[in-house]
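Comments concern the structure below.
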Amino acid sequence: MVWRNCWCKYSVTKGQTIEKRKRKRNGTVIEMKGFDINKLPATEDDIDYSDLEIEYSQTFLESGLDNVVLVDNLPVVDEAKEPKLVALLKKITKGVGKILEDGVHMPMGEEKGKRKSKGYAFIEFETADQAQDAIKELNGYRLDKSHTLMVNHFMDVEKYSRVPEEFVVPPKTEFVAKEHMKYWLLDELSRDQLCTLADQNITALWNNGGKVVETILTRKDWTETYLQWSTQGTYLMTMHRQGVVLWGGSSWNKIMRFVHLGVRLVDTSPQETYIITYSNEPLRVEAVNDVLGAGNEHLNPFTEADEGNHFCVWETQTGRLLRTFGYVTNDNGEPVTKFSWPCFKWSATENYLARMTPGSKISIYEAPQMTMVGKKSLNVPGVAGFDWRPNDDIKTRTRKNQDTIAYWFPEVDNQPGRVTIMTVPTMEILRTKNMISVKDISLHWNPTGDLLCAKVLRYTKSKKSVLTNLEIFRVSERDIPSEIVEVKGGVVAFAWEPQSPNHRFAIIHVDSADLNPPPINSSGMATAAVKSNVSFYQFVRSKSKLSVKESFVLLKTLEKKNTTSIYWSPKGRYIVLATLRTISVWDLEFWDLDAEVSGVSKAEAATASIQLLKQTEHYGVTDLEWDPSGRYVLTTASSWRHSMENGYVIWDFKGEQLLKSLQEKFKQALWRPRPPSLLSDSAKAKIRKNLSSYSSDFDEQDRVAASAANTEQINLRRRLISEWSSWRQTCSARIKAISDSAAKLGYVELKPIEQDQEVIEEIVEELIDETVEFV
Amino acid sequence: MRPILLKGHTRPITQIKYNREGDLLFTVAKDMVVNAWYAHNGERLGTFDGHKGSVWSIAVDSSSTLLATGSADNTAKIWRIRDGKCLETLEFNAAVRKVEFSTDDKYLSVMLDNHMGQKSEIFVYRVVRSGSGSSEVYRMVRPNVAEHGRATVQAWAYYNKYIIVGHVDGTVCQYEFSPSDQQQSGSLKLLKSKKIHNDEITDLQFSADRSYFITSSKDKTANLVDVETLDILKIYKSDTSLNTAALVAKKDYIVVGGGQAASEVTTTGARQGKFEARFFHMIFEHEIGRVKGHFGPINTLSVEPNGLGYSSGGEDGFVRIHYFDDDYFGYKYDY
């Protein structure tokens, strides 16, 4: 064995490339690429293995203790309680491996005359693998509130003990000021940014009033697949084979890199503190090492425990890997590889991260430790969907220091289906509602978190057709009252109006016969349009002397549309009804829900003020997005879906087309999101009240900008014209010279045509019919 | 702008040309017919019958007495316009792709296609007129021009100084033409060549003084090129492959036409084909407007020599004559 070690060492010392080096526990080398047979040393004496002896002397010594683990952070107990603690240790390790006879050894020491344990113990397992499992399972195990176990390999103790006792002050690194990560919010004109991906180029743009976009920068091959903004717009995320890269600041430099080979999907938490990546390739530590290159193994965040996992949770600012996850497993123990993204959902406070195992449980983890809340998953037989309450800020919280989650499960056997609203981490159930004949439920939280709509698709009694109940819970009110809105047929889309005082919402509903989605071609375009209706509802509280009537009432139904998607302006009031991803219809309808109307009774005002602003179309439209300010709408026709007139169009909220840009292989355009406003509601109301005083300033700004653009254009044109005329002058000089020499050769120049034109108009009369009448 | 629709061909139009005054329009198509039309009202003046294959090219001399046509039946013919009589038939061993009169009508250049491994060639003929407008022709030079792949277009530069040839790989070549003293023979010498497009050059038309020219290409761009240096002066970008480009007389505009080739047309309707004629400002390079109407790609464009209008011929077999509206002439650019 020593001999083999030497060769391994030799190849290292001679500086040859070690592409791959694997060492088994006993120290044998099984792979030695880069080993050069032509450069063997002459004699054995030529080999210097003094350093090897140092390095491996301990390895040989310790190799027998592979199956021993050190459990630290145990409670300090006296002799009386010692057997009890040992028994407890045996109990919690029961699942992971078999402990040898007398395998638990807890050193005791004298303290104030009493024999007490030292707060740690050694456990000897049957095999090294069991010890490995124990570390994986029990490290970070919470025994009780003040004792979280730390489990390590006994062999590693030596390594840790070698850490010098004396603290050496690390050298001070120069302070490097970071760029302003939110610089784009400081723009004097409050413009919004957008990024486009066409062919292989990502272009970042300022939106100058919709009609003009100003290029900030363009980079080729910036992403390998697609681009995505982080939740609040701080980072631009690009996808690469090796992982995800975050860019930001005014220089658009690399901010952070997350190594995850073959990454497919990425998601950031509501406040961007965490980022989750998904790859369909199982994690392999070796593969990551290969990518990082020789000598950079210490940068590899993954350990053997992460092998085979697919999801990684990272801390955005430090780039630290918090935890990896595999697929959830179903009842048969098979991994569930189909899921809807994001399958890990963050609570609004970012304190908790939850994932559902369809049909059995919800696992809730506490960030950033990533330990499971309540040590085990929440068992919910049959669970089919869940969602966190958004905007869970302290003022509107249902319970102090608690996040709120809602989930549902369908009816199983004779058990009715149920929607449950629950707090986390106390798991206090706030409200449940049983439901029967349920086909499907989807949960829609109002953006303010005040309301939860459970969209319940139900069978009618005959089971032949369907109807939809919108079960709306008012979560911020006492006892969480709920109302039901019944809709015939199926509701295919539901959207709350953001920032709406009367809790308005819009739905798309179709007849039962049309409930099945239309056929879809290979690139995800529907090949037929479906007739659908759009309805608007709002909450009305009418007080009479006897009672208070609270209900959601229908305002208006727009019938026989082809609408597939509804998009509220982020500021409310305006809504776009769009037919997206359909190969024959590309309708866009811009509606105003608070149009000023006169001459109608107060009761009818809400209905009458729903007015169509503009009906238009964007040929081949596949995606639609409002800008964060609610002033512009961006529609795109992506080459991922089809190759017809790919590009984007910017509209204003009234539906006027401001800009159309067609680009080869255009793929994606996304507005840069903005973080929530820091102004209080009262400050916003004040601004709204004094809007006219601000608007004169803006008008002036627009005028200046327009005239500047005009002069710039005119200057450019003047320059081009003068360049052209100077070129023409050199040209005519040239022609003059040639014509003289050509004339000598007998070239006869054509005489110019005389410009006297004569228009001859001819009137032709044709006798079509002749009738003779006798009077 | 109301176009005059000419329905005189049954197959795709290959080339159309105005005479020097702009009162006559000559059209040729793959249906072997050569038509002459009154440009003012679209009335047909007559046909020139005799070709037995697709007619690829047409040229009219400056006095509107002679007409030259080149055809896939391996012949080029010279006709008397007045009565439609065929005066000469020149026979070759390959299809004739382009014919063109020199600026002083003295010479006729005939460009042949690649054929059976034989490379493209250019023949220059001296046209000798007798008093009644008939002609005799003498062959003068015959260079091989296929270094850059098949030659697709050719045209005479000012004072018969050069013949410019465009190739299938996007290269233009400048050949110096020098006749002998007796003008019975001559030579074509390659002076310059430059790759100005990334794909096949589909059309090449000169400015009025023949000091610069415009090329169109399948690479979706049209270029304005200096005849002396072959430098690109301006680039006009469109979103479809272009079949033709022309300079608009009297105004600083250019017009291009093209569209998805028939083999690439999808089933999504005319909108996708991009069959419009597009006008650009020649100096500012930005698009001014589009004229739609054809339901197939535009194969050829020709501008009325006085700048009063233009005509287009399409894959759909129609020729459309357009006269510009009054507001076209009234519009002034700010600068």
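Even glycines carry a Cβ here, placed using N, Cα and C.
Positions annotated as repeat 'WD' by TrEMBL: B:6-47, B:48-89, B:194-235.
Remote same-chain partners of the repeat 'WD' (B:48-89), defined as residues 6 or more beyond its termini with a Cβ less than 8 Å from a stretch Cβ, comprise 11, 14-21, 24, 26-36, 95-101, 103-105, 108, 110-111, 127, 129, 133-137. Residues of the repeat 'WD' (B:6-47) grouped by DSSP class, helix first, strand second and coil last, total 0 helix, 22 strand, 20 coil. Summarising model confidence by region, the repeat 'WD' (B:6-47) averages a pLDDT of 94. When DSSP labels each residue, the repeat 'WD' (B:194-235) comes out as 0 helix, 24 strand, 18 coil, counted as helix, strand and coil in that order. Residue counts for the repeat 'WD' (B:48-89) under DSSP, split into helix (H, G, I), strand (E, B) and coil, are 0 helix, 24 strand, 18 coil.
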